[in-house]
Amino acid sequence: MSQLVRPTLELPAGRRKVLLHSCCAPCSGEVMEAMTASGIDYAIYFYNPNIHPVKEYEIRKNENIRFAEEHGIEFIDADYDMDNWFERVKGMENEPERGIRCTACFDMRFERTALYAHEHGFDTITSSLGISRWKDMNQINGCGERAAARYDDLVYWTYNWRKGGGSQRMIEISKRENFYQQEYCGCVYSLRDTNRHRRAQGRERIHLGVKFYGVEEKL
């Protein structure tokens, strides 16, 4: 593992219990280990109706369940609300990644996370989405804060999970655990656009369920 010293985390003032929205095991691995190392009380909330097809959704979810069980962390498996997701992003099918479709997607996922947190005694929500260098952290934080603002007792923790070596440790943990390595964000439109880009470069299309972190290095 990296020799970088993981910083001790402190929750926003007066906060005690976190509901972590997890998008996948690779992104949440470092977030989980960092919170565990800092003695933070948290649970994982998996609500990602944006992941398609179902085969890909199940692979990503099961990787996250496996890692949560290894660490003894509660894993809350929310509904696979795919039909409502498609309705939410209707008319945005051809918007670029990081655009308004992604904002609508984040809003939907964080709104459900915030509702669950409010109803089950969590005073803080955050997400593993921001650790990925492919994501716009300001976009994610804006969606998270907007969702949390619906409830007087809730805040969105805008901690930058990339800093202090977080991004590097994310990759190291993924290789250590041989996590499934997804090759697109999640939705059918992301899969479509990624495959279009690959074809333009003369590369093979994405094959689901075959690529894992660290496996090639061991061969």
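Just so it is clear, glycine is given a Cβ too, placed from its N, Cα and C backbone atoms.
Database features (Swiss-Prot):
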- Cys23, Cys24, Cys102, Cys105: [4Fe-4S] cluster binding site (BINDING)
- Cys185-Cys187: disulfide bond (DISULFID)
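Here the features listed in Swiss-Prot are painted onto the structure.
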residue: Cys23; record: [4Fe-4S] cluster binding site; Cβ within 10 Å: 26
residue: Cys24; record: [4Fe-4S] cluster binding site; Cβ within 10 Å: 25
residue: Cys102; record: [4Fe-4S] cluster binding site; Cβ within 10 Å: 25
residue: Cys105; record: [4Fe-4S] cluster binding site; Cβ within 10 Å: 23
residue: Cys185; record: disulfide bond; Cβ within 10 Å: 22
residue: Cys187; record: disulfide bond; Cβ within 10 Å: 24
Within the same chain, and leaving aside Cys23, Cys24, Cys102, Cys105, name every residue whose CB is within 8 angstroms of the centroid of the CB atoms belonging to the recorded [4Fe-4S] cluster site, in sequence order.
Asn48, Asn50, Ile51, Phe106, Arg109, Leu129, Lys135, Cys185, Gly186
Inter-residue C-alpha distance, Cys185 (disulfide bond) and Cys23 ([4Fe-4S] cluster binding site) (nearest angstrom):
10
In Å, rounded, how far does the Cα of Cys24 ([4Fe-4S] cluster binding site) sit from the Cα of Cys187 (disulfide bond)?
13
For Cys24 ([4Fe-4S] cluster binding site): DSSP state (helix, strand, coil):
coil
Cys187 (disulfide bond) and Cys102 ([4Fe-4S] cluster binding site), Cα-Cα, nearest whole angstrom
10
Can you give me the Cα-Cα distance between Cys23 ([4Fe-4S] cluster binding site) and Cys187 (disulfide bond) in Å, rounded to a whole number?
12
